[in-house]
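Student: Please read through the structure below; I'll follow up with questions.
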Amino acid sequence: MVYVALITGFLLILMGLYGALTNRNILRMTVAFSIASTGTHLVLVAVGYIPGRTAPILDGAVTAADASLRIIDPVPQALVLTAIVIGLGVTALMLTYAYKLYETKRTLDISKYTDLKW
Amino acid sequence: MIKKFVALLLLAGLGLMFVGLLLGFTPDQVLNTTASYYADHSVEDTGAANIVTAVIVTYRGLDTLGEVTVLFLTATIVSLILTQPRPSGTPIIGVAEKKALSSGELLQTGTRLLVPLVLLFGVYVFVNGHLTPGGGFQGGAILASALLLLLLSDPTKRFNHRLISRVESISGILYVVIGVLGLVLAGGFLDNRILPLGAFGTLFSAGAIPVIYTLIGLKVGAEFSSMMVTLSESRDR
Amino acid sequence: MFEWMKIPYALLTLFIVVNYGLLMTALIAKIGARVGRRHGIPIYQNYIDLIKNYGLRSSITHGFMFYLGPVFRLTGGVGLILFVPIIYGSEVFSNFSFAGDLILALYFIFFGTLGMALGAGESGHPYAAIGISRGLSQVTMAELPLAMAVFAVALQYQTLSITDIVAAQQGGILNWTLFTNPFAVAAAMMSFLGSMMRPPFDVVLAPQEIPIGPPTEYHSSYLALMQTNRVIFPIAKIAIFMSLFFGGAASWPVFFLKVFLIYMVSVFVGVVFPRFRVEQSIRWFLIWAVPMGVLGLVWV
Amino acid sequence: MVSTLFIIAGGLGAAFLLGLLREEWRGFAYGVTLAALAFMSWVAGSWLWAFVFDGAVGVDVFTAGHNPPFAINLRMGLPEAVLVLLVNAMGLMVGVYLKGTLMRLGRRAMAVLLVAVLALCGIILTRDIFNLFVFIELTAISTAGLVLLSADARALGAGFKYLVISQIISILLLVGIIFAYHATGTLNIDGMAEASVALMKGGTLAFFLILMALIVELKPFPANGWALDIYESAHPAFSALFSAAFSAAMLFAVDKVLLIGGEPWPKIATGVGIVTFVGSNLLALSQTNDRRLLGYSSVAQVGLVLTVIGQRAVLGEHYLFVVGGILLAHSVAKAGLFWVSGLVVERQLSAWAVLRQNPFLVFAFATFMALLIGLPPFPGFYAKWELVHALVSEGRLALVVFILFGALLEVGYLFRWFGYIIKREASVESAMSKPVAFLPRKLVVIGVGVVSAWGLGYIWGALSDFANVLQALPVLFALSFLALEGLPAKLKNTLAIVGLVAFFAISYENYNQLQLIFGAIILIGGAVILLASYETHGKRIGFYPSAMLMYAGLAMLIVAEDSFSFFVAWEILTVGSYFLILRGKFSEPHALSYIIFSLGGAFAILAGFALAAGGAPRIPLEALAQVPATLAPWVFILLAIGFMTKTAAIGLHIWLPGAHAEAETDVSPMVSGILLKAGLFGLMVLLLNMGKTQFYGVELTYVLLWIGALSALLGNLMAIFQEDAKRLLAYSSIGQMGYAVFGLAMMNHLGWLMALMFVINHYVYKSMLFLSVGGIAKRTGTRDMYRMGGLIALMPLSFIAVLIGIIAVSGVPPLSGFGGRWIFYNAIMTADARLPMILIFLSGPVAFLYLFRLIHTIFLGQLKDEHRRLKEAPFWIVVPQMIYVVFLLGFAVFPGLALRRVDAFLNPYFPNGGLNWEGLTISSDFGYWSPVSIMITIGVIFATLLAWLVYLNHNAQKVKQFNIVFAAERPYRPETTHFAWNFFAPYRKALGFMVQPFVTQFWDGLTGSLHHTAQFTRKLYTGNGQTYAFHLLAFVVVVYLILVGGLV
Amino acid sequence: MSTVMFVMSLLLACAMIASAYVALRGQSLSMAVLAAGAVSLFASVMFVLLAAPDVAMTEAAIGSGLTTFLFFFVMGRVKGGKDD
């Protein structure tokens, strides 16, 4: 299952990047990136997974004493949490940019925004 | 066509690296040092049942502070961009915008009913962050979705920006202050042991974690709301 | 080194050289005329010209440098003859050669040229400038083989002293540089042709310029000074060549003979060749004389 | 000390606080922002103070009350303190600079600025890899926000491109981090470094991804189009921050992370860095937009630092000194330049000419430029020295070559730009916007930049193992003129003369004979030339600091005892003379080629010294003799090339004619008469110590002999075809220096004596001729000789000077030039090589041609109508000429005064073949020469004949100008009668093939192809954000393939 | 570790990839955004399988919820969401 998640994650990253590289529409690029970052999250979580163990929450089933034998690695999860939030921030920013760009030239085609070059 | 081909070629290269990563990867069978330390010590260190929360709020508190800052920054920039006057000389978007859809009666009534519940649920999620899955971010997102509901039901509704930004700022400042208190009163910046750890597994336990998560929840909620509100109002300006 | 007696000796040298020069140039002109089946000038014609010109009074000058031009010119000629030991082995006729060696003589040649050119330049006459420009251009190229030849000779004898060079050539005609280093001598003689202002290298004095160039502006006593130089200067130059390449002269008769013969070389060549334009003569020197000089240098 | 965390907490707290404020309270918000930035700077500063003065040691700051690796920790050490202070101070300055914009945009913009600064601090401080990621994301997002401070609508596009890039970066980084964590079980950088042995195959790849992500943030060439777009369109104050602080922080991050990796990684950093450095500098060549150019330059500099970071192992304990020097210099300089760019309204480089309205800004620009390039006394200079020495000692020669080549490109475009500032016409529009642009607040910020630049220079000097350049007396004296700029020129001139003479007086004791000759020429000779400067009026801003800097360099050069001080002096004199040359009216392109050749030469010298040093930080110059035989020829070649750029040996000469000809009247003699001698001095030092050196069986002095001879011939040949009097003299200098090089290369006693005599003679007569011609040009308003004529009557003193000068140059007895020729002939008698002599033989008479032309076409011939009322050249220009005339006559009679000392000095080095000085006659092994006798003989003959002529012709009247007849008519217009143009036409027909501008064509072709490459390559940057994403991925993939292919 | 979970994860993976394909190649932009949201949603289920409930919640709330809405807000402003 770990491998399934990993491979899916990598595939999502590649698909997302492919979309970002080939779609000229700014919003579609943003969508593609959000898919790629979902893929990244999947990879991160999958790496921290240990087959057969449970979530790193102590309750009746998992006590503090045997936690280190029962739970999976909490660190990747913490990282992913941060990454998700940051990803949202960047996506929101890209969207705002898209809107603002559209306002200046009335197009979402990224190849039209080449006033700066060389 | 060439572009797609080149893209595929490059991604094949990247894929090669990923394959390399996969081939070199063997899932852990036991926790590594860091993780097992957390598993073994987080209860006595922090008193939080949810180890992920302990990691996020305490051990890697600085990350979380940064994360909150990211949202703060994004919200600020979004409103900075959208409230900025248009650069001179750029065409103004035409009047052809669609009229705001008026939502149905059902939705409006439903919203009125639902919003307090959603808000309450959000608060529940972040105050219990140290016990159960969820926490400030999830709770904050839920708070924001309450606002979203309001927005959907009445797109022309005006929100009190001052209130949102006050909530955001005050919780942000308090978060920093708590961090500094940790530095002064306890073992370091963002140390949660400025408050007693309390009885393990209860609401008022785990030191400052619930407080911090509450602040995060409020702040994140405010930031999400601010982002959405600015975006939704932008066209009217 | 210097004694006051040097001064009368020097004047004696000058006297001999001037008279010899006047007679020789007249003789050569006469020979040239006879070859051309003309009668030619009388042998004393140069004396008449010279005295006449010294006698003429002019009240004209074009300016400071114009005035000084002939003075420079003649200083160059007189100085050159005095810096060169004329008669080998003669204390009397070594004159002021103690002041410097071969290099002094070679560089002092330019002194008069420079002064003359400056003087003519100030006349304001455009053809004067053209003549100077051509002359200088040609001379620079003519100098090159000479310099190489001189260097070859100096290397050969390991000295820069003219007296020592002559001394090294004593004891038989085969000791002359002419035979010990023929290439250097050939190069030097080609150079000599170029510097004598005779055909084929006389474009400097081309007919267009002669009547209206420097001599026109320079007349009467100016011209007299220049005429004096014209008899001294070539002899002084030939004296150097003679010393370097043809064994020098141990007595006045040998001196007269060798100078005359060397001078005749340029006359003969002039009769045979047509006149070169300046760039042609430069190329001629580059193609013929310079390789000779190189060979001469390598030969040593 | 305050905890480091307060930097972050303070910044964040203030940023959050800003949200509480009312939108209208902008002034208050601004105050809070500045206070926060000041507080953060203070915290950083107090740490730095503690490290430097209280001997504090670095501390780890734990968070959350737990030890790393379980909780995030920060580290504060000396480098961190420096960088954090840099970042914060930069933030504060940018805050001040941006007041207008921030007040307009309100508290939100201020909050973004605060977060940006604290995020940078976080990047620097944190020791946790994921925390690093968070801060990098914060930086990226705040960048996207700050880009919008710009009024330029295009900034929006640039910001979006950056977001696209940062998305890809964060994906790479996250994947890398998680696999690295998986491999090592920790997120702590130091922990990962300890576990690096445990990095398995997957771990290596993970590390690769992390490193690539960080490196891509550093804008590696060619995956950096997005950054350039930001630089071009963002607000200059932000660009300052982006260039200075962002790069510094990211470089530090790379430095930290490289700890984790093992063997091949530093090589990758170096490889990427050097490609970036050279590539970006190359592309910058063809830029016309100022900010984009600065962008390219920033990228390039960061590449250089990255290169150095990769060479950490080589640099050892000097690592921080070198990398810090380059990085800080880059940061301050680039920030300063961006700030200045905020004052300029238009964007093309030539519009910067408006800076001339404010001399302080010109000074600021010069400071930043020097700082960036690494000229003394700035940190980059020391760093460059250490770096090259370290690299060479490890045999990384190719890297040195690339670094120096890139640096030379940088020199090219920066100095070209400076030339625009000084020389180009400021457009009317920009001039009108002056009151808006030159805000005092912004000037203060720029002033802070300038002060910190010099402060850094001082600090680095103090830190270096060498003498502090800023404590050298001559340099201080030169720099003190900067403070005196307000005084009138005449007063400053007096000070300068007194200073030069006084310095000679105090140094006199310590000079050996060789130094004495050069010292006298430089200091006393310089003072004599400065007499001519009394002619100028007003304040003459810029002249004295430059001139004195040149003299300072020269004075330091001749007393230099080790390679370092020699090189310092060399660069100082080069820079000073550049500023001096640039002052000429039309000298912009020539000054540029001068500085490029000179600094190129300087780099060759640097490499040569480094090669000779063999690992030592510097060597005494005498130690050049001990260079191992395998290296010796290379050292010889490099040093000789460096020195010959100054002597303008043929092939490296193309800068000289323009530079000397277009310089101001009193500058031409300085740069020709004095400056060129620096090259000769260098060659002397080289030859004295290294002597004959074989290179694959070729005797290098023999090669020098040929170069000298060719320079002599071709320089002279080119001189005769010039119409411009000063150009003629300039070409003549090439020829004269050729003679001197030739003399030195003969490597015998008399050859050296001749060269030294040339040093003296050339100084005297070239200074004299340049002054004379300069005075005439001043009066006639032209330097074209065919426009003059007949000036002898109007300017007799100038005429006498030229007459004496040309007699001396041509070597006609009785003046001192003859002495040179005489020694020359004696010298070549013992020299081995004969063929190059031929060229020298030819060049002597050729020299006569141009000299005659000089005097003829100016002074003789027909006076032009428009010149009839001219007066003699200005008094103060004539005075030094007359001094020279007297000196030349005296030197002609008593050459022994100077030459005997030199002769004696040379004896230890060349015991054979000296001269005998008996009585009045000087004799060698081959000939003899008696200057006094010659002078008297010629004088007597001359006087006698003159008296005779006067007797014969005493009442001669001067006739009217046109009292001549030619072609049967009386001329009436001087133009038609003055034969002067193309004077030596037949010569050109015959020998013109030798003066075809092959060399110029060669260098033109070279620069042209560089430009074409740049033009072509920069098309890579299409401006399309997607293309940039392609570049980025391609970059990563290519590096990966190189790595896998084992090429590293 | 049960086979059920494995099969479920496989199914989820297929669903995600299919959704991603739709998101990248779908005709309308709204479709693409919705599909991207679906990818996120499937991912959050996957997170539950991977014993990461915190992440699952976050991904569901933020990744598939808020992000999608943000997209729609902007698309509403920009040409009504049409492709060009």
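Just so it is clear, glycine is given a Cβ too, placed from its N, Cα and C backbone atoms.
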Student: Between the candidate ranges B:50-67, B:68-85, where does TrEMBL place the transmembrane segment annotation?
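Tutor: TrEMBL lists transmembrane segment for residues B:68-85.
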Student: Looking at the ranges B:1-19, B:172-190, which is given as transmembrane segment in TrEMBL?
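Tutor: Per TrEMBL, the stretch marked transmembrane segment is B:172-190.
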Student: What average pLDDT is reported by the model for the domain 'MrpA C-terminal/MbhE' (B:8-90)?
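Tutor: So the average pLDDT across the domain 'MrpA C-terminal/MbhE' (B:8-90) works out to 83.
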Student: Could you tell me what the rest of the chain brings near the transmembrane segment (B:68-85), counting residues at least six beyond its ends with Cβ under 8 Å?
Tutor: 168, 172, 175, 216, 219-220, 223-224, 226-227, 230-231, 234, 237
Student: How many helix, strand and coil residues does the domain 'Na+/H+ antiporter MnhB subunit-related protein' (B:107-224) contain under DSSP?
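Tutor: Across the domain 'Na+/H+ antiporter MnhB subunit-related protein' (B:107-224), DSSP assigns the residues as follows: 83 helix, 1 strand, 34 coil.
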Student: Give me the DSSP three-state residue breakdown of the domain 'MrpA C-terminal/MbhE' (B:8-90), ordered helix, strand, coil.
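Tutor: Across the domain 'MrpA C-terminal/MbhE' (B:8-90), the residues distribute as 62 helix, 1 strand, 20 coil.
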Student: Residue list, the transmembrane segment (B:106-127) vs rest of chain: Cβ under 8 Å, 6 or more residues beyond ends.
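Tutor: Here the qualifying positions are 134-136, 138-143, 145-146, 149-150, 152-154, 203, 210, 213-214, 216-217, 221.
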